[in-house]
């Protein structure tokens, strides 16, 4: 009998929900559950609160429909969001069907006739595969992830020849193009439609009338919105090209698949009829999290009264950030009406999970969200009392310690489960360290992706080292990993060996020739460049001869030498095989490092389980090789860099939760899970709720929403615009009224975000069965204390938290964690750059050696250099550098030819006295800011020493600094190291100091101890350094460039020179010389 035929006619038993439960040995259903299980085959919405048994009820309904021969198992379609949820629901249904078959309750074979349980995305992908040709789309298009999508957008933006007026960084534009394309696809809009609508809005705003007596034109707040809209309007051309590029390359992303499926369902008439004939009953799980495109697809397929049962909870709609609309669930009755009107609504309102105190707190928190269609949860019969507690500490470290002590008093590896839920992953580290210090087993879930798993990180590092000898960071990963595991002493010797091999001691300004006593010099010591260029990769490749000792008379240990020789051989082996395809090279690399053996030995269980991360990485390499235009090792490593940023390091195959460990995870990841005891950490205003701008006490939360981010689609272009705040400018007649409309929008958007955060807090609280602890702290890493979360305060004020007495304010005016400076010195505190310089150039300020003329000394040095050059093989033209320091970029800007010559033939230079004085001044300033709160000027090291001539000059600089405005300022950071990519070159920036500026801005300062430049060309080249600092800070802290000032402060001259007007494009043009 085909699956589309009706069940065979004839007498059969009528099964009730209660009878089925009895036959299967299950508890009898409640009245609410029975009404869902036995409902007629018509559209129905089941509002199932947290822990109300929705999965059990869904499975019972499927069994009821099959047992009563209303549908065959294969005529049931169940959709949910994750493969894990689909698997669990499928297993539960099949188990019940088999058990019912054993007692004679089925007229069908439960093994051969199975329901289809799938994810929403996989179901959409199947529709596209089957029907794409009918709308003119290639069904075999390659599916790409976020990293592949970003790479396409980046390539397009980098090669775009038309003008785009924006001050945003290239990376921001790339993000915006990819994001806008995804949103347009999600909401079924074309770039042309969006451009037209944006033009209309801008024209409407600009056409408003001026008011007598007020400044003409748009207000400042509105001008920012207009500027952002104009940028988005220009980007629509790029978005159009991006969509065309994907089509030409034959690739689609997940969003494209769902949109194509929705288009097929809407435009190909017989597809919907065929799906309805195939699936006579449809179950939609977690319906509140569906996106607009998914709803449109499902409505086109199964609308018109088809038996669709949607299950969900509007109070758990927490995925708005990925396209889900909060109002989707309660719109279901109108979206899927029955033959007689809107679909009926049924509630599951018994909380089978939570004890009384936990449930009372959750219900109170959800009260502002509740509508008439959503019933409040009621406790289960015989529910325990439960307990809810709270604790608010001074610092986040003290908070983590309190959490550890709380759990230590309750923890038992048998019969007790616990979790710590965080709003942000940044909170994981402190919590994990505190639990570990308390001797508690813990497991971090979802901290990072596949690229961060140890074995994959090792393979990636080996590939990076084989490809690029400047990747000392990757080599350090291998050196400190389990296979080599060098100790600190051997690492120090190896670092000394690497420095001894460094051949470039070039001046940072790119000038050649030794600096005489009277010549102008930069204060940044040349030794920094030498240290930067000392390659660990090359040091390992050419290990020191036996018996080599560093300046302290220490050699590598025998064990270290053996391990390093083995590592060097493995890297050479990988380097020799780089001609292989990417997946083959990955396999060869894991074998060269012997990781294939190590993971099998270290991981219990099957070989497949032990190798799951390595196999997933190999599969990622195969996917890249199959879809990339140029599947080279270089391209693959670039792809991995993008994946690290855009996909959190590729999807990881998570290990199963350890029942004998305390879980640490985000609240989003905890949805659907439960534990005996739950701690919700970080309940501070600004963290939970997570807000970009924390309002002052008593002020409402506001948010700009789509108004200014150039990568966000305006709400009026979205399919769910009716449930989102509206920017009501059409009714405004004047510019002042438009400004008021913008402010009203910001208030409404702030309230919407608070409601979304409230739903997330409700999810967090309802994970606990018996005990709940809510914690927070005044100080994390900010300069102002954080107030307790309004959610926490609500519960305390309602008397729902046992013994809680939240402190009104912090005992400290400044962050107490800042006083406990965390300093790590390695290899030894006294081995500073200055001391290394002393060892290298003991002549100090002497111009000549005793008894030798200066000219003869110069001849001798020149002869040594020429002889050394003769003995070396001809040096090829240098490859494009992967890394440059900011000072090297200055040298490149000042004299490109000299810079290239210095790279081809590095020439060492003796440092000048001025350079050394600059180094000592920088160290003194750093110590001054770090020690000021603890020491007086007279207590600083060297304050009462006898002064040499050089020390007198340094003391004059110190006095000039102390008399300046900067001495009394408090820096946000001192000696801040940042790396930022420019034209595929990683530029290293070391910022001397950063200070707070007006209106939330910052002021970057670079101390100079020499004289200011006298010619415009030199000044312009040096301003390139400040422009790089501004760009790096902007990218690291996501702060607009216009809020970032930068200056050279010539301390001795008492003069400041600003960064000028160098743009990111000009920086890229300079680096084009080497890239």
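Using the three backbone atoms N, Cα and C, a Cβ is placed for every residue, glycine included.
DSSP assigns residue 55 (ATP binding site) to a helix in the three-state reduction. Here TrEMBL flags 48, 49, 50, 51, 52, 53, 54, 55 as ATP binding site.
Annotation source TrEMBL lists domain 'UvrD-like helicase ATP-binding' at 27-355. The average pLDDT computed for the domain 'UvrD-like helicase ATP-binding' (27-355) is 89.
According to TrEMBL, the domain 'UvrD-like helicase C-terminal' annotation covers 356-672.
In sequence order, 57, 313, 348, 351, 352, 353 are the residues of the same chain, not among 48, 49, 50, 51, 52, 53, 54, 55, whose CB sits within 8 A of the CB centroid for the ATP site.
Taking the binding-site residues 52, 55 in turn, the residue surrounded by the fewest other Cβ atoms inside 10 Å of its Cβ turns out to be 55. Reduced to three states, the DSSP call for residue 50 (ATP binding site) is coil. Under a cutoff of 8 A between CB atoms, and with a sequence separation of 6+ in the same chain, the neighbours of residue 51 (ATP binding site) are 351, 352, 353, 354, 377, 674, 766. Counting every protein chain shown, 21 other Cβ atoms lie within 10 Å of the Cβ of residue 54 (ATP binding site). Counted within 10 Å of its Cβ, the other Cβ atoms near residue 50 (ATP binding site) come to 24, all protein chains included.
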